[in-house]
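J.: For 748-757, 801-814, the entry in Swiss-Prot reads compositional bias 'Polar residues'. If you look up Swiss-Prot, you'll see C47-C76, C103-C122, C173-C191, C215-C232, C222-C245, C382-C401, C395-C410, C413-C426, C420-C439, C433-C448, C458-C476, C470-C485 (among others) marked as disulfide bond, on the strength of similarity to another entry. The domain 'CUB 1' annotation in Swiss-Prot covers 47-159. Feature annotation from Swiss-Prot assigns domain 'LDL-receptor class A 1' to 165-201; the stated evidence is sequence analysis. For 214-255, the entry in Swiss-Prot reads domain 'LDL-receptor class A 2'. The domain 'CUB 2' feature in Swiss-Prot is assigned to 259-372; the stated evidence is sequence analysis. Residues annotated as domain 'LDL-receptor class A 3' in Swiss-Prot: 374-411. Under the heading domain 'LDL-receptor class A 4', Swiss-Prot lists 412-449, citing sequence analysis as support. Annotation comment: Swiss-Prot describes 450-486 as domain 'LDL-receptor class A 5', evidence class sequence analysis. Marked as N-linked glycosylation site by Swiss-Prot: N75, N146, N284, N366, N409, N441. If you look up Swiss-Prot, you'll see 1-32 marked as signal peptide. Residues annotated as topological domain 'Cytoplasmic' in Swiss-Prot: 514-859. Positions annotated as transmembrane segment by Swiss-Prot, on the basis of sequence analysis: 493-513.
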Amino acid sequence: MACRWSTKESPRWRSALLLLFLAGVYGNGALAEHSENVHISGVSTACGETPEQIRAPSGIITSPGWPSEYPAKINCSWFIRANPGEIITISFQDFDIQGSRRCNLDWLTIETYKNIESYRACGSTIPPPYISSQDHIWIRFHSDDNISRKGFRLAYFSGKSEEPNCACDQFRCGNGKCIPEAWKCNNMDECGDSSDEEICAKEANPPTAAAFQPCAYNQFQCLSRFTKVYTCLPESLKCDGNIDCLDLGDEIDCDVPTCGQWLKYFYGTFNSPNYPDFYPPGSNCTWLIDTGDHRKVILRFTDFKLDGTGYGDYVKIYDGLEENPHKLLRVLTAFDSHAPLTVVSSSGQIRVHFCADKVNAARGFNATYQVDGFCLPWEIPCGGNWGCYTEQQRCDGYWHCPNGRDETNCTMCQKEEFPCSRNGVCYPRSDRCNYQNHCPNGSDEKNCFFCQPGNFHCKNNRCVFESWVCDSQDDCGDGSDEENCPVIVPTRVITAAVIGSLICGLLLVIALGCTCKLYSLRMFERRSFETQLSRVEAELLRREAPPSYGQLIAQGLIPPVEDFPVCSPNQASVLENLRLAVRSQLGFTSVRLPMAGRSSNIWNRIFNFARSRHSGSLALVSADGDEVVPSQSTSREPERNHTHRSLFSVESDDTDTENERRDMAGASGGVAAPLPQKVPPTTAVEATVGACASSSTQSTRGGHADNGRDVTSVEPPSVSPARHQLTSALSRMTQGLRWVRFTLGRSSSLSQNQSPLRQLDNGVSGREDDDDVEMLIPISDGSSDFDVNDCSRPLLDLASDQGQGLRQPYNATNPGVRPSNRDGPCERCGIVHTAQIPDTCLEVTLKNETSDDEALLLC
């Protein structure tokens, strides 16, 4: 307390000056002696996009416009950074923010980590003190577009959590922490252990306004900001620019003094109200400078100190007499508190506007103006248009003239040398502004209007090496050496890009190589597999191809099938011609019988063959010119007697002529057209013909009567009936044995060749459906008794009883009904069928014919 009240012994004007300094720290009058370490925050940068950076160890932060209402829709932020190892303590002194349930309308937050809230407050209750755990904090304030209140005012203090000793204006807490003395006994725990409020418990309750007697007529009641008790102060302390009351009641609602003037000279001076004393809060002044000359006006602020509390005080300078925002030259605030400040207009007119809020005050400013090329009466010209300097600026080690005239011919230096300061150290002109300090205080590198060759002139009148320009590093301090730099890719970037591209190319080549290798391996495996299959196919192709359909028909291995699948119409016509040629040569007619049985045993075949042999169904040849003995026929058709002419001679086929083939009977539909000679089929029919020829006792060979030549034949000797029956039985047994041998031989050949065409000979097909087999049956011209020694008779005569017995279908309901002969017009449709009989006609005549085994034997 001694440190604080010792200044009260000074005269009154010194006390007022001290109180003005104390206004910078609310609630901490002891810090007035260290005002350069006290921060008073305004809104010049706090309510922008970036937070206001604060490095002072203590200070005051208020909401915009405090103690008036804060504006709507505003966002302000402050970032306080203390020294490493220190903590920050915040004490709220006034707080009035629009309240809500979760403080989501208007709010104040304190964050130890960015964007991570640790403290949020709103409403009208003063929040408790906040003690940080780190050496930095973020303070954010937000208001919506609705109701506005008075706002907040807080004081912060940074220091270590435990100090061995505290200053005389500080209080040592029980935990070793130091806080300002003003925070003691304020009903708030700034120490963290409540030790700053323990002694106050023994004192009486804080006095209230009713406990005091009314003040005199020339006094006013005030809660002293120093003693924290109510007292009476003289009226002269009101609106004097000094804060005496804790609630600022002595400096609120004061009348604003009038200031400003119209300046019309080539040069002049002006200053803030009460300069060098504090200007009154709420000052609003405007100076209009009109030199009447077209030349530029140079405006210099030789001293400048503004208050930054609340919205902050400011000075705006316009190019011209009008307050045109587009012609605003510069705005000076409390952050520009340094001298000298120079502003140059583009014409002979300037408008200067000074505005101060109603909270606190400062020393203000002092300014001079002059037309370019003129000097003030008390100044010395630098020469030319280089400006002016005063006698106090002569030989002070600082170049006020760009040409250094104020620092030449100094007594302590030789000619063409300049002093570093008033201590006698000098340096030559060649060492001026070459980015190398020759003076201990570095004055040879300050206020450089020109730089030595090889150096770059910065906008802040500094010089750096030209090689440092556009090197992505701020060497000037204001970033002017990195402005308007061309985009040049550094060498290391190019090197990295080349190396990276080479590596990528190598990886791409490796990937392509691996892909090609895998592809070649896959194709090799594929070729190996395909080569094996090709060899197998080649082996199959080297085998002998199966006989064609025509060859099989010519060899008699298969009968001609009309519905055999073909590949083209030409092939169908060739097969049809071949079938007609064979039928024409053999004198057969086609009969289609259903074939169903596939697996008859050999003994049934022998029996059927013997039965067919008895009925004469295998007799395909007869002697030429023989008379056929008539026989009784059981057929429904009338008996037909005609001379049966042989297609094949017993001796040779050479005796046959084309005329005999043209005149022969047996082919339905008339005489067949001349066709190429076909090889007679080598079948069981030839075997039968050979057997008949060998067993015949005919010694004389018959000849064909052709071209008027008579052919003589020897009549066979008469045979008794008993011998005829015995011979017939022996002949049938012989033919049966030969048929067994022929069947066994064909079965062995079928086991070696299982082609679909060979399966037709064995009665086996690849399908399970019933197939139709066309059977060639010779047509007999007459009927006679069967003679085993007579090879001229056909073995099968459809007109005879034996033939009718073979053709008689099986009918369970009417066994006596037999279909009519195949020769002649069909009884159902009236058309002569030359080849294939339609199914509609077969439904009547062949519905219940013999079994498939018998039909196969007929083939």
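Indices start at 1 and increase along the chain as displayed.
Glycine is no exception: its Cβ is also placed from the backbone N, Cα and C atoms.
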J.: Starting from N441 (N-linked glycosylation site), work out which of the disulfide-bonded residues listed here (C103, C191, C232, C382, C420, C476) have their Cα within 10 Å, and give them in sequence order.
T.: C420
J.: What is the number of other Cβ atoms found within 10 Å of the Cβ of C433 (disulfide bond)?
T.: 21
J.: Which of N75, N146, N366, N409 (the glycosylation sites) has the most other Cβ atoms within 10 Å?
T.: N366
J.: Count, for each of 47-159, 165-201, 412-449, the Cβ pairs lying under 8 Å from the domain 'CUB 2' (259-372), and report the range with the highest count.
T.: 47-159
J.: In whole Å, how far is C245 (disulfide bond) from N284 (N-linked glycosylation site) when you measure between their Cα atoms?
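T.: Between the alpha carbons of N284 (N-linked glycosylation site) and C245 (disulfide bond) there are 24 Å.
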J.: Here's one to test understanding: among the disulfide-bonded residues C215, C222, C245, C439, C470, whose C-alpha is closest in space to the C-alpha of C47 (disulfide bond)?
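T.: Checking each of C215, C222, C245, C439, C470 against C47 (disulfide bond), the shortest Cα distance is to C245.
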J.: Roughly how many Å separate the Cα of C426 (disulfide bond) from that of C401 (disulfide bond), to the nearest whole number?
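T.: The Cα atom of C426 (disulfide bond) is 17 Å away from the Cα atom of C401 (disulfide bond).
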J.: Between C382 (disulfide bond) and C395 (disulfide bond), what is the CA-CA distance rounded to a whole number of Å?
T.: 13
J.: Short question: which residues 6 or more past the ends of the domain 'LDL-receptor class A 3' (374-411) have a Cβ under 8 Å from it?
T.: 266-267, 269, 298, 368, 418-422, 426, 429, 432, 439, 441, 443, 446-450
J.: Most Cβ neighbours within 10 Å: which of the disulfide-bonded residues C76, C439 is it?
T.: C76
J.: Hey, how far is C232 (disulfide bond) from C222 (disulfide bond), Cα to Cα, in Å?
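T.: Taking the Cα atoms only, C232 (disulfide bond) lies 6 Å from C222 (disulfide bond).
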J.: Summarise the domain 'LDL-receptor class A 5' (450-486) as counts of helix, strand and coil residues per DSSP.
T.: 6 helix, 6 strand, 25 coil
J.: Nearest to C420 (disulfide bond) by Cα distance: which of the recorded positions C191, C222, N409 is it?
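T.: Smallest Cα separation from C420 (disulfide bond) among C191, C222, N409: N409.
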J.: Based on DSSP, tally up the residues of the domain 'LDL-receptor class A 2' (214-255) by helix, strand and coil.
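T.: Computed counts for the domain 'LDL-receptor class A 2' (214-255) are 3 helix, 12 strand, 27 coil.
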J.: For N366 (N-linked glycosylation site), name the DSSP secondary structure in the helix/strand/coil scheme.
T.: strand
J.: Round to a whole number and give the Cα-to-Cα distance in Å for the pair C470 (disulfide bond) and C476 (disulfide bond).
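T.: Their Cα atoms are separated by 11 Å.
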